[in-house]
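Enquirer: Please see the structure below; I have some questions.
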Amino acid sequence: MFDWRGGNEQTSYVVSSSSPSRSRLGPLKVNLDKLTYLGRKSLQRGKVDEAQEFYSEATALDKSDGRAWLGLSRCYAKRRNFKEAEKYLEIGLQHCDDNEYLLQSMGALKERIGSLSEAEKWYAKALRVMPSHAASWISLAQLRTRKLGQGVGIGRMCFVNAEYEMRAVGKNSSHLYSAWGGMEYKQGGDVETARDLFRKSLELDPRSSATWLQLGVMEGDNGNFKAAEECFETCLEYDPKNSRILQAYAILETKNSKGGKASQRKAIELFEQALKYNKRDAGALQAYALYVAKLGDLESARNLLVKGTKANPRHAPVWQAWGVLETRCGDPDEARRVFQEGIWACAQAGGGQSGGRRCANLWQAWGVMESSVGDFSAARRCFNRALDADRRNVAAVTAWALMEQEVGSGKKDARMIFERGLKQFSSPPSEIKIALWNSYELMERNSGDLKAAAQIEERKMSDTMVDETFKQVAAASFPSLPGAKIVREQEQSYDDLAMIAEKAPKQPDEEVMRWKRRKDATLKEGQIWMSEDGFVEGKMPQKKMAKANSVKGLKKKVKSTSSTGILVNKKIVKKKDVEYDDNNNNNDNNNNNNE
C-alpha cells in the first residue's frame, strides 16, 4: 500500500497511485491546486518548460481538471504553436465538455489566429453551458463591436444580458463593468454613462488597475487633467510598478500644454520609469519615441522604435510608427524595408498573403507612403492587401478613395470604394462605420457636390436610427439595469414594447429562438437566447420555430395571478391564458432580446 521515497536527509511514506485507497478516494484536491498554482506562477515568470511540467503532472493526477489542460494550451500558445494549443483544449473538452473556461479559451484562441466566426461560436457555447460566465460575455461583446464591426447596441445587449444572468445567481464582476464602461466611451462616446460604470466597477474592486487606467485616460481625453492625475496617482499607490499606468500618466503629461517644461520633464521621467519596470514594453517605447520625435529629436526616436521592434517583434504599431517616421524623413526605400519586415514579423497563422488583421494598418501606411511618392499602382496594391487583411479597415478605405479622387480617376471610383466599405458593416452602425459615413460625406462636400453630401447624410441618419431602436428595446426589456437608464427614465409597458418592435426593421421570415439552459445546483432555472448555430441573440428560419413558438406549443397551465402580458409571435398574450413550463416561469418578464 505504501511506496518508499528516499531523500538526502529525510525519508517518508507516500500513498501509491496504484493503491486501493488512492483509487477509491481519487486525487487530493490540494495536490491539484498546488500544481496548477506553481504552473501558473512559472508561466507568468516566462518559465514555459517548467510550467508545462507542473501542468502535465496535474493532468496525470486528474484528467477531468480543466485548469491543467488550459495551462498546457497556454504554454503552447506562448510558443506560438497554436495547433498544439488547440489540441490540448480539445483533449480537455473531451474529459470535461461542460467547462466554460475551456470553451471561452478556445474562442479566444480562434480569435487570436483570426477565425472570428469560429470564435463567436465558441463564446456562445460557453454561454450555453454557463450563462453567468462574465468572461465569455465580455469576449463576445468586444469581438462583435471591435472586430466584427457591429454597433454599440449589440455590445450593450451582451453586457445587459451578462448583468442579468449574474444577478440571477447572486454574483457581481468588477471586470464586467470596467469593460462595459470602456465600450460606452470608446465606441459609444457616452462619457457620463462610462463614468458611472467605472465607478460601479471600483465599488466592487477599489484596486482594479484596469478600471483606474480607463477612467484616467477618459478624464484626460476630456480635459479633466486634475481628475486624471488623481486616478493615476491612486492606482500607483496600489500598483507602483504598473508600466501601463506609468505610460498613460506620461502621455497625459505630454498633452498638458499649460505645464510647459515641467510637464515635459515629468513625462520623460514617467516614460523612463515605465521602461525600468518593463523593458520589453513595445507600447511604452513607441509612445516615448513619438513624444521624442514631437520634440524634434528624430534620431533618438528612431533608436527607441528600433528597440521596440526588438523587444516585441510582433507589435505592429511600433513597426508602423517606424515606417511613418522614415517616410517623413524622406527615405521611402527605408520605409518600404521597415513596412515589409513588420508584415513578416506580425503575420498571423491563417492570414494568407496579407498576413491577417494585425498587418492591415501596416499595409495601409505603406499605401499612403507609395501614394505620397507618386507610385499609385503600388499604393493600390497595398490598399487592396490592407482590405484583404481587414475588410473593415476604415483608414484604408478612406485613404484609397481620397487617392483615387485626387489622381483624377473620378469620383466614381472613390464612391465605389466607399460603398463597398459600407457594405462590410451591419446595422446598427458602429463608431467606425459612422466614421466611414463622415469621410464619405466630407469627400462630397469638399468636391462641391452638396446634393450628394446631403443624400449621404440622410442615409447615415437612417442607419443611425437603428441603433437608437436597439437602445429603446434594451431599455424596455430591462428597466432596472444601468444599460436601460441610459435611454429611458420611465418604465414602459408591453404595449410600448410591441410598438417599438413593430417600428424596428425586421426580416419577416425570421424570428428569435429560445434555448433552455442546463440545470445546476448553484443556478436558478432560466433561459438564454441562442440560435441553432450557437450564436447568442441569433436568428433562425420561421418554419423551424413556428411550432415551438406558437400558442398551441405552449402548455396552458394557469398558475400565475399576474395580469401582465407577454410578447408571443408579435402579439400580446396574457399570462393567465398562456404560460410556459415550470422551469421557464421565472424568466417570462426578463427576455433578453426582442425582434
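Note: Cβ is positioned from N, Cα and C throughout, glycine not excepted.
TrEMBL lists these features:
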type     : residues : note
COMPBIAS : 12-23    : compositional bias 'Low complexity'
COMPBIAS : 583-595  : compositional bias 'Low complexity'
DOMAIN   : 288-448  : domain 'Pre-mRNA-splicing factor Syf1/CRNKL1-like C-terminal HAT-repeats'
REGION   : 1-23     : region 'Disordered'
REGION   : 575-595  : region 'Disordered'
REPEAT   : 32-65    : repeat 'TPR'
REPEAT   : 100-133  : repeat 'TPR'
REPEAT   : 177-208  : repeat 'TPR'
REPEAT   : 209-242  : repeat 'TPR'
REPEAT   : 360-393  : repeat 'TPR'
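I'd like to know what surrounds each of these features in this structure.
Expert: Under DSSP, the residues of the repeat 'TPR' (32-65) split into helix, strand and coil as follows: 27 helix, 0 strand, 7 coil.
Averaged across the repeat 'TPR' (100-133), pLDDT in this predicted model comes to 94.
For the repeat 'TPR' (360-393), the residues of the chain that approach it from at least six positions outside its boundaries are 149, 316-317, 319-320, 323-324, 327, 332, 335-336, 339, 342-343, 346, 351-354, 399-400, 403, 407, 421, 424-425, 432, judged by C-beta separation under 8 angstroms.
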Enquirer: Can you name the far-off residues of the same chain, 6+ from the ends of the repeat 'TPR' (177-208), with a Cβ under 8 Å from a Cβ of it?
Expert: 138, 141-142, 145-146, 152, 155-156, 159, 214-215, 218, 222, 238-239, 430-431, 482-483, 486
Enquirer: Where else in the chain does the repeat 'TPR' (32-65) make close Cβ contacts, counting only residues six or more beyond its ends and a cut-off under 8 Å?
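Expert: That would be 26, 71-72, 74-75, 78-79, 95-96.
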Enquirer: Tally of helix, strand and coil residues over the repeat 'TPR' (360-393) according to DSSP?
Expert: 27 helix, 0 strand, 7 coil
